[in-house]
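Comments concern the structure below.
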Amino acid sequence: MGGRNNKRRQHMPLPLEIEKITGKATKAVYDKMKHDQVRSLKQKTAALKQNSAAKAASTGTKRAAPAQTQSPAGQKRQKQQPQSSGKDAKKQKPAVVAEADSDEDEDASMVVEDGPDGGWDNAPLESDSEVADSDDSLDEFDSANEEDDEAASEDEGEDDDDVVTQKPLSLLSDESDDEEDSDASEADSNDEGVESYDEFSTDGEDDGEEPITFRNMEKRSRKLDAQREEDEEMADMELKDQDQAADGEREAFELPSSEQVEAEKEAPLDLTQVQMRIQEIVRVLNNFSELRRPQHSRNDYMDQLKRDMCFYYGYNEFLMDKLLQLFTVSEAVEFFEANEVARPVTIRTNTLKTRRRDLAQALINRGVNLDPIGKWTKVGLTIFDSPVPVGATPEYMAGHYMIQAASSFLPVMALGPQENEKVLDMSAAPGGKTTYCAALMKNTGMMVANDANKEREKALVANIHRLGVSNAVVCNYDGREFPKVMGGFDRVLLDAPCSGTGVISKDASVKTNKGPEDFGMLTHLQKELILSAIDSTNADSATGGYIVYSTCSVTVDEDEAVVNYALSKRPNVKLVETGLDFGRPGFTRFRGQTFHNSLSLTRRFYPHAHNMDGFFVAKFKKLSNKIQVGDKQIVPAGSGAKLKQKKKH
Amino acid sequence: MRPLTDDETKVFFEKLTKYIGRNIVHLIDRPDEPYCFRLQKDRVYYVSESIMRKTTAIGRQNLISLGVCFGKFTKTGKFRMHITALPSLAQYAKYKVWVKPNGEMPFLYGNHVVKAHIGRVTEDMPEHQGVVIFNMADVPLGFGVSARSTVDMRKVDPTGIAVFHQSDNGEYLREEDALF
Amino acid sequence: MDVTGILDEHKSRFKTIQVDRLIPAELDLGLLACFDVNMIDESKLRANQKTRDSYLRELSREGAQLMVNELFSLPTTVDEDSVYATLPKVRTVLPREKPAPKEKPMTRWEKFAKIKNIQNKKKSRVVYDEEQGEWRPRFGFKGVNNDDQKPWLIEVPGNADPYEDQYQARREEKKERIDKNKRRQQRNFEESVATEKGMKPRDMRKRELQQALVLSKGSTASMGKFDEKLAGEPKVKGLKRKFDPLVKNADKEKSNNMEILNRVAKGESKATVLNVRKAQRAINSAKRSKK
């Protein structure tokens, strides 16, 4: 399912928050009432959903909310709205709206210019008819809200994050990619323009009669966007009102007693009950001073929450602990929810053989529904649905693209290999990053792809050959042997083996099969690997001397702690900007540990925040091949320095 | 990794000339950088001299692949072209066959090319000669051996085989284990 | 009657039996050979063919004449219808066809005897058999040591098992003696072979053992791949393949490849490229068999 819907869901209030529960009901009555209310609410939300889905369909892509949203769990998730994110969104609103608008303007003009080109334009054209269809039904709904429009217009940006992600990026124009940077600056000056545009969009009742043209279509879709936002706005406000009213009357939440906990171990509650309890606890924890029961400490609540979440999401306690430490309680819930949903399939264009425009054209001709991943990459495409298996199209076999998670673009972009360099990928299989590096190097220089697992190397070699990479050397060593085997690299990419807590959506077995001993072993290995990666790099390289460390794990032990260890063991490296303009900065302190200040230069990516796998990227620059220890200078072997001495440890 | 012996080179070139003829010269004598053929675990790799020199540091057991794999020597000493050589073959191919879109997938699933699927053929293609197969967008799909000469092909009925299948891009998926 | 005319006529018909030689020719009548050591007239030899032939014919006739003259001076015996001359013994020494036999290496006993200065005492072939009252051979047919000549009664030695068959014991004892001697013969033979090849007998034995081991080890279906290794088993060294160095002169390699390509393009047969490995194998095996 598309990333768009994931995001939207998080901004909806949870069902419980709009329930009215009278004070003195018994447990049974309480449950029954809840049930009834949930049901009525379901109907309400379903109606709302249909509208918004119809609108989503009308915004230029054909993706309506699929079946998943109709499942009860899905609906509940959809209603969830963490307070903090709502506030954030408000703050950012004007800039974001403006940005989206200005982009769309450009896109519209591009589309018109490139109009006769053919297939790629079909997507907007097809959706056009849907616009017309959905218009009538929407108009009724809109008219009801007409009066509130003016009042709501100020808050309109509430969900503007979505607008940003939904904004169609132009594939046809490389120019738009280049111009993206300037958009933000333009945005500030465009505030008035936005408002006037809003007005324009709300007053035109007779749009449906206009003939549909490219320009017109753009406007219409924009109008529909705005309308949809209003709807949501309205719904939100309504729900909030209810919520606030409910808060006063609602029975304060009671933690289960220790006997109950014991009893639950014997006969577990059903999932919906557990989920409700999770939401209750989250609500209490978010407003602890008011909603708590004096006899229970915060820890009591946390313990119960942990137990419930372990049960509900199926994690083991150790991992649950680790992950809860990373996030606030409500964000953690978002994180776990995001892990239950598969990330969209993404592909990377092989620029050695084709261009993104040509590839998109070819895939669209096969009926594949796709979009650019985001403005941060010029080679990525997201596949929404496809009538043919994406891994078996003639284009795939001819090596025109690689199926690759969006997150695995990041370390290569951070590494930024250049032509005629000697680059090492320490754990390369199955070759997504390696081939991306080779593509950036335009098949010049030398790309050494290493992997410790011989079986996985088959896929690596196959991908390298399929994508037409001719400068690659594939070898099978333990990465820790590396400066001894070969050294003096201009750039080294270390995508370390990790626990995979960032890719739980891909491999759910991580939830249960990772214990403390696994983490101990992995972090030890990662620390050894990062030192060999640093030692394999040549600081004297004219163009490079960079090391990128990345993991697909979000735990601090495997990320910041390892980077910090490398900084302390190898004073000849420093952290530098990764060159990725999104993602959250790494932790500089975490539960009593303090890391080097420069760790804020590293980047973290989360499934719930960035709609890609959880990921961590750090970029080092090696300053010298010598390490100053006291008075002595030590030269680790293999760094490309002429002087050779014993390796320091 | 080692250079090919004279007789290995000969067997290899004999195979290669079936597809690209005298154009092997362009592989041996490149204007940009010296390239060479090297044998590693029975497979012949085509790699630039400079990369090959740097690769000498990697042990024989640990070296999996370098540059572009052209194919492998069988146990009986014959040479077998692999699909991985396709980009080079396509670049210098003497005889080409273009298949129509409806013939693309059957060929990529490992079937022979029938006459009905052929869009274009190189003129004066003889019988039993190595040909490279393209789709109509000029993307190479694989290679094979012509079953008929261009002249005889006109007489064949539409379901008759025009090109015998040898190797196609689908092998990347079908025979990943055997290929590497 | 004057017969001079007739004699002269007769003389002119036959050549003279007188042959004059500056150095008289040597004759070995036992071999019916005549050795003429006088100078040959070179001018005649180098003249035209007719002169040369007649000269050579004349020379050989004269040699033969000399020998025949001498033959008639030999003592003769007369048979019914012919006269026989008895040839003297051959005086000329002819060279040996085969090399003189080497001296046989000494057996262990001979060596020992030599050190101890034991002389070989000739024993008589026959001994006197007192029971039969006749001379009988010491061994062999009807020899005294044969079983058929066993005593009709054997005294059981004091320390022996009374139920032991003393005849059986005698037979076994003899058999053992024979076997022991055979072993020694074999050992002497092997040692003599080794010394003839100039090797120490122990080394020779070791080498043969190892060869046998390698052969037997390689005789399984897997060519000995899965057999257990013995302690100190020799490592079998196969053929060492020789290849060009991995890194070599790029230009040279290129020109070599071009040359091969040219030959391939001309469609030359497979024989034109020398199969170095095959040739090397042939040479190596030839070397080995020589050893």
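Cβ atoms here come from the backbone N, Cα and C positions, even for glycine.
Non-local contacts of A:Cys552 (active site, nucleophile) by the CB criterion (under 8 A, 6+ apart in sequence, same chain) comprise A:Ser407, A:Ser408, A:Asp495, A:Cys498, A:Gly500, A:Gly502, A:Val503, A:Asp613, A:Gly614, A:Phe615, A:Phe616. Secondary structure from DSSP puts A:Cys552 (active site, nucleophile) in coil. Here TrEMBL flags A:Cys552 as active site, nucleophile.
For A:Ser427, A:Ala428, A:Ala429, A:Pro430, A:Gly431, A:Gly432, A:Lys433, A:Asp451, A:Asp478, A:Asp495, the entry in TrEMBL reads S-adenosyl-L-methionine binding site. Counting every protein chain shown, the number of other Cβ atoms lying within 10 Å of the Cβ of A:Ala429 (S-adenosyl-L-methionine binding site) is 25.
Taken from TrEMBL, the feature compositional bias 'Low complexity' applies to A:46-58.
Taken from TrEMBL, the feature compositional bias 'Acidic residues' covers A:127-163 (among others).
For A:174-210 (among others), the entry in TrEMBL reads compositional bias 'Acidic residues'.
Here TrEMBL flags A:216-227 (among others) as compositional bias 'Basic and acidic residues'.
Feature annotation from TrEMBL assigns compositional bias 'Basic and acidic residues' to A:237-253 (among others).
Annotation source TrEMBL lists domain 'SAM-dependent MTase RsmB/NOP-type' at A:335-623.
Sequence annotations record features per position, and here TrEMBL assigns region 'Disordered' to A:32-266.
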For a quick check of understanding: among the binding-site residues A:Gly431, A:Asp478, which residue's Cβ has the most other Cβ atoms within 10 Å? A:Gly431
With neighbours defined as other CB atoms within 10 A, the best-packed of the binding-site residues A:Ser427, A:Lys433 is A:Lys433
Taking every residue in the domain 'SAM-dependent MTase RsmB/NOP-type' (A:335-623), the average pLDDT works out to 91
What three-state secondary structure does DSSP assign to A:Lys433 (S-adenosyl-L-methionine binding site)? helix
